[in-house]
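So the structure is just underneath, and the comments pick up after that.
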Amino acid sequence: MLGGAPGLSGRWERLEPRPRAGRMLRQVFHAGLRTSFHALGRFVAGHAVFFASAPVLLAILLGASFSRYRVEGDVESLLAPKHSLAKIEGNLVESLFPVNRSKHALYSDLQTPGRYGRVIITARRGSMLDPVHLDTILQLHRRIYQMQVTVPAATAGSSGFNYSFSYLCLPDDKNVCIVDDIIRAMEEIQSARTSNRSVPVLHYPITQLADGRQAYIGHQLGGVQGWGPGGAVRPPGTGAKGEGVRSAKAVQLTYYLQSRSGLMDRVAGRWEKAFCAELKFFGASHPKLGLYPSTSSSLRTDFQFSSVLARRPLLASLGVCGVLAILCCSMRDCVRSKPWLGMLALLSVALSGLTAAGILNLTGATYNSTYLGIPFVMLGHGLFGSFEMLSSWRRTREDQHVKERVASVFEDVMLRFSGSTVIHLMTLGLAASPLTNMEAVRLFCRNATLAITISYIYMLSFYSSCLVFTGYLETRYRHGCFCRRVPKPDRLDSKPAWYRCLMYTRYQDETQSTNPPHMPNPNLTHMTNSSGVHGHMANSIQTHSPHHTHSTTTADPHPQDCHLLLGCVRHCYGDWITNTYVKPFVVLLYLVYISFGLMGFLQVTQGSDPSALVATDTATVLYTRAQHRYFSSYSPVIGFYIYESAPYWNASVQRDLLEYAKGFQRISWLEAYLSYLSDRNQSTSQPRENFTRTLRHFFLHEPQFAHFADDIIFAERGQGEEPDVAASRIFLVAKTTENKREEMSVLLDTLRRLSLTSRVRFLIFNPSFVYLDRYVTAVSSPLRHSLLAVLFLLGLSSLVVVEPLVSLWLGLTLLSVQFGVLGFMTLWGVEMDCVSVLCLITALGHSADCSGPLLCGFASGRGDSRTRWVRLALERHGVPSLQTLVCYSAALVPICAVRSNLTRTLFRCLTLTAGCSALHTLAFLPTLLTFLPPSKSRDHRPGGEGQRQEVECVEMNDSTRVVDQITTV
């Protein structure tokens, strides 16, 4: 129509310049998405009963699958890197030297069979080698040795059977149970005292038994004080080889069990429970001793015990969050107040969690204690969506139909909510991929991805239907809490004051008389459609101008009816945070934030100790503390395995092997054999046949060297030839300090680099290496992958978003929040373990929830000043983010009362995530956006986009036709 008016055509060109092709495509895509969500909102509002009832029925049906609830039993597979060289080396060691074939001494820190019982015994006063304590220890040993376990007939076969330790133990070559060498040494001391003979001298850490065999007791005797030269007393842990032990504060005993079959494994499990019960009873009858038991199932039991301890605090968190959510949804106006929506938002999160758990049960998934963080991930995301929808609902026109208002809410909110959901799914989904080497992280992220997806669907269906129902209550002027119709003001005058306060509301006629709602001009719509021009101009008129949004956005004739937080942000906080004199202090605060974050980032430490993830005051924690206190002077026994045939008779090979073991406390068959040859005036460099013959037929037949037969594997060569030494092992023990795990990690890397250049093919192994090997890489890799995925997603979305700078700002915000959480959690004493990494991954999505809408609201504005749009963005999106952070933080408070290291780490990391997100959303971003891009008036040309603030439609009639004319006001 306008095309026929030459005078108006040029003016039209001046008002709406031709946008660039890229920006036009982004606008078309953006408008298409908004239109789709508008249609989806109308559809949900038209079928509210179905969308409200279907999620409830589905959650109830899937929740019935909890009869298939199973707990993960293999903790090592969860907390250790899934693919590591240490696991490969462990499998090779087990194939060469299986523990079930050992016929002599076992080293408790080296062999870790399927089942065992272990106890640390300490003395409240005196030494464990005193006659009283020594007799008590041997008495305890006999009671454990004679302890029997009764297995019911249903398990053992036709009749019940009693199993004792002598039946379950690992036997030696004489079919006698293998026990620790410290027991044999104590029996020798007791026998000498009984017969009034001189007590044999006990050396540390390697002593010599009565049969002449040398035994390592560094991990069986702890807190040792030795006799130095001249009778001087050495401090604990400083005894050297060849020096006598003066006193010892602790003794550690280990009892190995066989688990060859399913029956034996079940019996061994019962024996472990009886073992702990016996120690508890024995400790009660001997209060002067401290007993700290540990079994093969202690770590699994104590790790899963955190879930049991957290049940009531989780319910308390839900209750506290529900109360605050109700308060956040309440207003003075009893009709427009929607307290039940806060409770229904939590119900939506609970239903989605129940549905996700039912799916996991049906698919045969197992549970572990790290899943305690999933409800908080769902809670933060679900509350954000619900408060954003409620805030958008209050900005809609009250004279519209409920379906139109819901459709407007979908059009306004769901695009941002879907974007933040995609960020959640991208970060968690990539961490759940096979690229993740930590099984606990992968399983958590996989299940959290499922939970977030279902939560998003339920927010679109169940919560939106509840919004429809409360909208009908509001339209019919029913009380938001009691659902009772509110009388009009003339009928309330005769009521008591408390009743008038309870039933206070504003009727529509009263609102229209003071502030008539903004009605769109149909001529403007007709003009836009008939001219064939893109519909983005109409969106610009409604969205970009602060004067033509919802009626409650500008001048509110009833400020007392506003939400409390909205009133505070609108009238107090928004003006204060954008004040010229406050901005320098906020920038200074951000510099302090970055400084402390960098300080913590430079001090990040790995947390590879699995005992740091179990419940406190449990058997695992108490045992670990006692072990660290009394047995930290030496490293665990390291197996040095030569897995290929080597020329041991060669002098240069002998020198290399002795050089590798130099500086360690060692139990070496090669060193003992070379000394054996030297004592007999034989050359250590002999031909292969002589070297092997003497080794097999003479050395290993000596009683004091017979135990070395477990350390050598011979391979037959041919008829009449001496076999080769196909593989062998020696044992090394290093002197350590307080940083035992860090020193072990350094030692592992050093010896592995040495194995690459050595001509003797060897490997080193200890069961703790499974947790240490590439732990930092395995833990941090999912975090790096998630962060890179988010940045890639934001970069890709900048091609679609109308304002590409939103993606840049959001990416910088996520990096800043992540950096701050990582730094401050280190300063708070949290190590980099699988739980803290899970929290860091979820922090990306949580910070996107809080800061994304604020950035979008600010960037969508055109005209006016930056300060004006910052305040408006805080009113529209800062208040929902603040409500989410308040409820989310309150829900975390009960978790800090759980006596568990895992929940303590979870509480600290999630609290820091909420705090850092709140700082960026409510302080840093509102300040920085007032003087950094994007600009609010990028085009200053006449008639440019920056000057288009308000448009009115004027109808002009002439004698022949009706002309629609656009004029700028």
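The backbone N, Cα and C atoms fix where each Cβ goes, and this holds for glycine too.
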Among 578-600, 808-830, where does TrEMBL put the label transmembrane segment?
808-830
Would you kindly check 43-64, 340-360, 372-393, 448-469, 808-830 and say which stretch has the most C-beta pairs under 8 angstroms to the transmembrane segment (783-802)?
808-830
Any contact between the transmembrane segment (372-393) and the transmembrane segment (43-64)? By contact I mean 3+ C-beta pairs closer than 8 Å, pairs at least 6 apart along the chain.
no
Note: vs the transmembrane segment (340-360), the recorded stretch with the largest number of Cβ pairs under 8 Å from 43-64, 413-436, 448-469 is 448-469
Quick check on the domain 'SSD' (331-469): DSSP residue counts for helix, strand, coil, in that order please.
112 helix, 2 strand, 25 coil
